[in-house]
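Novice: Have a look at this one before I ask anything.
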Amino acid sequence: MRKLFEKVFGTYSEREIKKLDKTVDQIEALEAAYSKLTDAELKDKTRQFKERLAKGETLDDILPEAFATIREGAWRTLGMKHYRVQLYGGMVLHQGRIAEMRTGEGKTLMATLPVYLNALSGKGVHVVTVNDYLAKRDQEWMSKVYNFLGLTVGVIVHGITNEDRRKAYHCDITYGTNNEFGFDYLRDNMVIHLHEMVQRPLNYAIVDEVDSILIDEARTPLIISGQGDKSTKMYFIVDQFVKTLKKEVDFEVDEKANSVTLTEEGVERAEKYFAVDNLSDMENTELAHHINQALKANNLMKLDKDYVVKDGEIIIVDDFTGRLMFGRRYSEGLHQAIEAKEGLEVQRESKTLATITFQNYFRMYDKLSGMTGTAKTEEDEFISIYNMDVVEIPTNKPVVRIDEPDSVYKSEKGKVLSIIKDIEEKHKKGQPVLVGTISIEKSEELAAALKKKGIPHEVLNAKQHEREAEIIAQAGRKGIVTIATNMAGRGTDILLGGNPEFLAKREMKRMGYGDEIISMVTSHAETDNEELISARGKYEELYKRFKAETDREHEEVKAVGGLHIIGTERHESRRIDNQLRGRAGRQGDPGSSRFYISLEDDLMRLFGGERMLGIVDKMGLAEDEAIEHRLLTNSIENAQKKVEGRNFGIRKHVLQYDDVMNKQREVIYGERKKVLEGENMRDHIFSLMANIVDESIPMYTSEATSTPEIDTEGLRNHLSKIFLKADFGFINGQNKDVESLKSQIVAAAEKAYAVKEEEIGSERMREIERVILLQVIDTKWMDHIDAMDQLRQGIGLRAIGQVDPVRAYQLEGYDMFQEMINSIQEDTVRFLFSIEKEAVVERKQVAKPIEASHGDGDAKKAPVVKKEESGRNDLCPCGSGKKYKKCCGK
């Protein structure tokens, strides 16, 4: 029925695109007039648009003219003009939706349309990319057109100073990675002076590779952490124990659930080994956690698939892109357990200081949009979590790539033999081949098999990270064979015949030019540096020479069928498979793709492989004989849908928990900002004092009789510990009216505070209030994050007792939050009343971040973490007023 409807009325995307026809016609109609404008007249359009917006016009009102302006500006500065399909895509992005655009169709240029339009509001636009290289490349490339039209452009990359960050965020347009934007938000909410904040309010973000950032990364929260104080010896002891255990006897592995658990026999062995009576007792929680993480490290985490060992460190491999994730660590002790497994030095565990998921960070923007080559399969998730639908943008030229049916084999061995045969055939006729594998291990096995056959090839995986650009630049040349681990997010088009820009730069390096000069030869920035001017001249000369060569080779490669894609197994996500396929057939070029599948592949083995194997066995096929059957194709797709559904469930689960923390985080960060912005916190302190009194009286009041009985001695003693030196002598057995008593207590507390303020001085007292409020809020919040994390880890057991774990987490989390708020109020007031006239009080961070990472979020991906530690001579963060070394740091 749906297919019939779409045949008559068009697909959802086709209908949505049709609605934009009229506006796109308007934009194209302006081309003739705008092309006649002088540079000065075109540049002045920006000023005119800003004036019109200030007078009440909306961005939608000026959209056709603004798009026509940036279109003409791009032509004059970059020599590129937006195609009609890019105008559609730009409008979809402006509307806060996801534009699905095929590889090589010009997403980077398309984004300039909504970026320019929205930057005119003066509130800032963030363009989010997956890595620093792409952020710098796109900023440098597109800044020429923005600068030409009078807009400022900044870039946020790892390692730049706070001052540079602030400048970049105050530009009209800011490029950067999802990690950097998220960490800056967290860091801004840890500063102790308002001027240290770098970000402006979050206005509009365009997320490139939106599926990678908002779907794949969604299970891994951003974490800023400080140094923990636990010993690392336990990791080695537990690792030695776990290595003595036998699979299926002492522990069981559930690959589908990605979990490993001790059997009853295993529990008994653990209790005997560690001399404990009951591993499930509360006092043994930490030991049980160590054992679980060591079991995971030794049985689920695979060397050269999930991580590599480099320079004595464990470096995580991104599941989806195959890139090395330098600086990231698994959380909850898993990273340390892997270090112990590999016999490396174990780093100390960390304490979480601030955390947020990408889901909740990006939902804070007033408007959010995204672009990618593959998003339609995840549209339900984009709608339910981000309220963004997906619109497929038509290609500029028809796609002529041939997607051949899957070839399914009984065994891994038979599959590999057929892959080698296919590569050999294509290589002989000069057709370039890109082979996609799902792990480093598989790519190296295939490379070894090709070497035996004498077929020259390049390998691109996390271990060859540094040579990535070089390998990709050559992947479309005649007869080249490239093996790549997960091509997602590589950010570089594969050009048939080769990339003349890269070839020219490589030749310049061979001629002795330095890396810095070479990196600047394609920059559009004006310069009076004679060496650079000369280098640019040489580059132009070489580029023309190589362009003639690659153009000739481009035609030769087209004649033999273009780039051929081979998938060595299906990924658990259809989207990743589509990304690999999308590498061929860009801009109307020919190309082909085929996936090779074995019933021994993880996906088939875990989801329906046994049934398939039974059917295939009955057919009596040879190992290297391919099977093609609708039942098999359906089985593969169903397996992928199952995994996608499970992963969506995990991400939704993570979000349900983080939504609880998110509401609490908003309250705390809001309070911090009030303190940073507030000139005078005296009224706020008085309201805290009144709250404490409101909370305290019911604690000492009995409702057993018709007239409330107040334990006056208990109440007086309690209040005297908080409001030091306040005179509460009037609290005696005569107090019958609770409301009257409240007023008297508050008045006495305010009077004592006024005496304290007179003694210290009003101006100094205002700063002391801010210092103590910040210190208490930060200390309590960081402890609360840990407590909530522990609650979450233990809450799963409630499901056994027919209690919804998420609901239990919400209720108990709320109670814990209220307790923290009460504790903040009491500690703040007590510290203020106990401050001495000669006390030295200055703003200091409770903890200083030393690591940024991703948390593991129920997945095998790493947290994004940053770390902090109190100095020996700093005031102790517990609020005692003593130096750290004399108090908690003993």
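The backbone N, Cα and C atoms fix where each Cβ goes, glycine too.
Not my notes, these are from Swiss-Prot:
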| type | residues | note |
| --- | --- | --- |
| BINDING | GLN86, GLY104, GLU105, GLY106, LYS107, THR108, ASP493 | ATP binding site |
| COMPBIAS | 851-872 | compositional bias 'Basic and acidic residues' |
| REGION | 851-873 | region 'Disordered' |
| BINDING | CYS876, CYS878, CYS887, CYS888 | Zn(2+) binding site |
Novice: Greatest CA-CA distance (Å) over the residues GLN86, GLY104, GLU105, GLY106, LYS107, THR108, ASP493 that the record ties to ATP?
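Specialist: Result: 17 Å between the two most distant Cα atoms.
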Novice: Residues near the ATP site, GLN86, GLY104, GLU105, GLY106, LYS107, THR108, ASP493 excluded, by Cβ within 8 Å of the Cβ center?
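Specialist: Surrounding the site, in chain order, are MET101, THR103, LEU109, MET110.
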Novice: Hey, which of the binding-site residues GLN86, THR108 is the loneliest by Cβ count within 10 Å?
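Specialist: If we count Cβ atoms within 10 Å for the binding-site residues GLN86, THR108, the smallest count is at THR108.
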Novice: Please list residues from the chain of GLY104 (ATP binding site) whose Cβ is under 8 angstroms from its Cβ, counting only those at least six apart in sequence.
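Specialist: In sequence order, the residues whose Cβ lies under 8 Å from that of GLY104 (ATP binding site) (at least 6 apart) are ASP493, ARG586, GLN587.
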Novice: Which residue, out of the binding-site residues GLU105, ASP493, shows the minimum number of other Cβ atoms inside 10 Å of its Cβ in this structure?
Specialist: ASP493
Novice: Counting other Cβ atoms within 10 Å of each residue's Cβ, which of the binding-site residues GLY106, LYS107 comes out lowest?
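Specialist: Lowest Cβ count within 10 Å among the binding-site residues (GLY106, LYS107) is GLY106.
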